[in-house]
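Asks: Handing you this structure, nothing more for now.
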Amino acid sequence: MNYLHISINVIVMAAIYTKYSLPNNTLSFITKAYKNTIFFGPNHIVRNIFNQKTNNEAFDIIVVGGGMVGTTLACALANNKCLQSKKILLLEAGNKQKYVSNDQYSNRVVALNKYSKLLLSNIGAWKHIQSHRFTPIVKMQIWDAYSDAMLTFNDDYLSQALAYIVENDLLLHAVHTQLSKKKSVTIINNAKVEHINLSNNIGIDSNILLKSGENFKAKLLIGADGQMSKVRDAMGVKYVDWDYDQMGIVATVKLCETIENVAWQRFLPNGTIALLPLTNSLCSLVWCITTEEAKRLLQISEEEFIDNLNDAFLKVYPKDELVKCGMQAFKKLFENFQLPSAVSRQLQPSIAGIVDGSRAAFPLGFGHALHYVQPGVALVGDAAHRVNPLAGQGVNLGFGDVTVLVEVLAKAVNNGALIGDTTYLHNYESIRLKYNIPTMLTIDALHRLYKTTASPIILARSLGLQLTNIVKPLKNFLIKHAAGTENI
Amino acid sequence: MNFVLSISTTVNLKENESAKSKSTTVDTKELNKFSNLCQNWWNPNGEMGPLHTMNPLRIQFIKDGLKNVGFVENSPNYPFKGLMLLDVGCGGGILSEPLARIGANVTGLDASKELVAIANEHKKLDESISSNLSYVNKSVEEFSEETTEKYDVVVASEILEHVIDQSLFLKSCVKLLKPKGSIFITTINKNLISYLAGIIGAEYILQVLPIGTHDWNKFISPEDTRRLLNECNCNTRLIHGLLYNPMTYQWSWTPLKSINYALHAVKNECL
């Protein structure tokens, strides 16, 4: 097992020393090494400068942001036995979206882990998704462009689904269907936040003023308003963020052959490419690539794009001698220990075409608020943390926040505390920090690891892939972490 | 047990002339000490921080204790609906308010006029508890003179280590309790560890509490509390240790009763 430790260290060190020299302690690492990128949230919290409107309606909880996480949170709060008497307001900046069932798949999908699915089942939304469409991933294959290293999960098809692919708009529609049955929740669309005035005192309400002039009071204000969160700005918490200078290209692609419920991911010299199954012959593409390259890929014709895409999956890159030697030595080593070193490789599918108009791109970045809570206010989802979609963890982290926050608030109410009581909110923060920070740093480290072409690093990452495949407990740990088993 | 018995009281000199010659549990020094802290009583980051973070555990302890003696929670929102509850030594109402919020009819009792004023002031912030929470500025022995066997539950949290005559204090508490009613106590053990942790550690080194908050001579061991309760016709059902972590500011349960402990006792039906 010593080899294992050494190799894991090599991976971690390689990840860490790729670009930055970082101490091991996560928090001090964030504050020290990224000092120059720390964004000090504006402290200009203006106090009551606006004219008080007469319509100062009071709510127990106001959720700012009606995306997947915010809407699910509102529904989960109203669904809880202890919280069902609480008056909830959901503020959404956009128009009311009418979901039209379409044969064509949307290009924005999420990969839900089983805890996110459980949350959706608990609020009754999963049955709407189930009756429409979703795809379970039962097998996952990950491989490296520069070496023979590869990693397969659930090769034997024995364990349950690793993840569930659901379209964003269907998910939102399913949650809204449930939410419409909750009388305690009021939804306001086109609600643009003008100003937030936090009381910072338990027991004294916070105020939120909309651009429309409407003014609301809340005992607890929850920011689910994404990476540019206004609630987070009002809190004035430090927000650590950096850009990867990469973009994610998404598209719905048609395959040449039929493949059932397998997800594919290849690590390339300049990014990663992944296919998530939608049907037997349709896949959702997530291609993370340099911003420059992404812009080019958006411009070119469809045929050219498909050629580039197939290239990314199939192109054979020259294998580095050093890496090759290292891999062989490694293979020998494990043969000596009589551990299984060969894995069956399933040939990746080739792409026949893309669905019209499904090609789009979004910038990738990393961000994390140093605190998620203050008296009477809490952050969830991307408002608190933003990750690279590399491992499909973003929305799962958000749903994890929702699950824990609802539990903590129910406990607070059940124990007679005020709903914004920091004693309980801090509980939410510490549970989520313990899960979110390691997950985010792993994703970030993986990202940095796979951005390089220097031999020792490729060797390290190849060994890493190979090792995780051979050593069952390690692989099981990875699979569990990705599936969110350690969620709570 | 070096109880100082029959000290003539100096509490609220002007108001309580009549109580002058009677024995009391109120320690004037303690009274002034805590009255002076009243401005910061409701600041969760202030001197009373540990009392705020103790709430989840002590409320859970009361809930579990009541379940053990057959109390049935009817509503998830108001599990204590219908309970008559007395919070002895309520201070600014840190524990009284949540108990009222989950449905109990709470009477908060405190010998400090300033603290009762703070409690009444803070109560106004939440309309939902205006009808089932009231505060009385009296010592427990005064209060028990006019009232007997009125309460289903008596809570004496973090007060036993601040009174002079612990026997009289407990007797008065039990007198207010209905037969088969429950008394819940949290306090500090009397041994070397509690001296080092509770006074040297908490007050001098870590300074989570102001210096002089506790007097070791008034600490009381679980065995003594149990014996005193036995003398007032109460059977102790459970004693459980509590531990404060000054790094996370959180309390947790522990099998060790060497520092803080919580105790649940039930009043017997007849003597």
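Just so you know, glycine gets a Cβ as well, placed from its N, Cα and C.
As annotated in TrEMBL:
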type: BINDING; residues: B:ARG58, B:GLY89, B:ASP110, B:SER157; note: S-adenosyl-L-methionine binding site
type: BINDING; residues: B:GLU158, B:GLU161, B:HIS162; note: Mg(2+) binding site
type: DOMAIN; residues: B:86-185; note: domain 'Methyltransferase type 11'
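Thinking about packing and proximity, how do these listed features fit into the structure?
Replies: Taking a C-beta cut-off of under 8 angstroms and a sequence separation of 6 or more, B:ARG58 (S-adenosyl-L-methionine binding site) has the following same-chain neighbours: B:LEU95, B:VAL155, B:SER157, B:PHE184, B:THR186, B:ALA262. Under the DSSP three-state reduction, B:ARG58 (S-adenosyl-L-methionine binding site) is assigned to helix.
Around B:GLU161 (Mg(2+) binding site), taking its Cβ as the centre, 23 other Cβ atoms fall within 10 Å, counting all chains.
When averaged over the domain 'Methyltransferase type 11' (B:86-185), pLDDT in the model lands at 93.
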Asks: Just give the helix, strand and coil counts over the domain 'Methyltransferase type 11' (B:86-185), going by DSSP.
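Replies: The composition, in the requested order, is 40 helix, 28 strand, 32 coil.
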Asks: Measure from the CA atom of B:HIS162 (Mg(2+) binding site) to the CA atom of B:ASP110 (S-adenosyl-L-methionine binding site) and give the result in Å, rounded to a whole number.
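Replies: Approximately 12 Å lies between the Cα of B:ASP110 (S-adenosyl-L-methionine binding site) and that of B:HIS162 (Mg(2+) binding site).
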Asks: Please work out the number of neighbouring Cβ atoms within 10 Å of the Cβ of B:GLY89 (S-adenosyl-L-methionine binding site), leaving out its own Cβ.
Replies: 26
Asks: Could you tell me which of these binding-site residues, B:ASP110, B:SER157, B:GLU158, B:HIS162, has the greatest number of Cβ atoms within 10 Å of its own Cβ?
Replies: B:ASP110
Asks: In angstrom units, rounded to an integer, how far apart are the Cα atoms of B:GLU161 (Mg(2+) binding site) and B:GLY89 (S-adenosyl-L-methionine binding site)?
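Replies: Between the alpha carbons of B:GLU161 (Mg(2+) binding site) and B:GLY89 (S-adenosyl-L-methionine binding site) there are 11 Å.
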Asks: B:GLU158 (Mg(2+) binding site) to B:GLY89 (S-adenosyl-L-methionine binding site): how many Å between their Cα atoms?
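Replies: That separation, Cα to Cα, works out to 8 Å.
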Asks: Take the mean position of the Cβ atoms of B:GLU158, B:GLU161, B:HIS162, the recorded Mg(2+) site. Which other residues of that chain put their Cβ within 8 Å of it?
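Replies: Other same-chain residues with Cβ inside the cutoff are B:GLY89, B:ILE159, B:LEU160, B:VAL163, B:THR187, B:ILE188, B:HIS214, B:LYS218.
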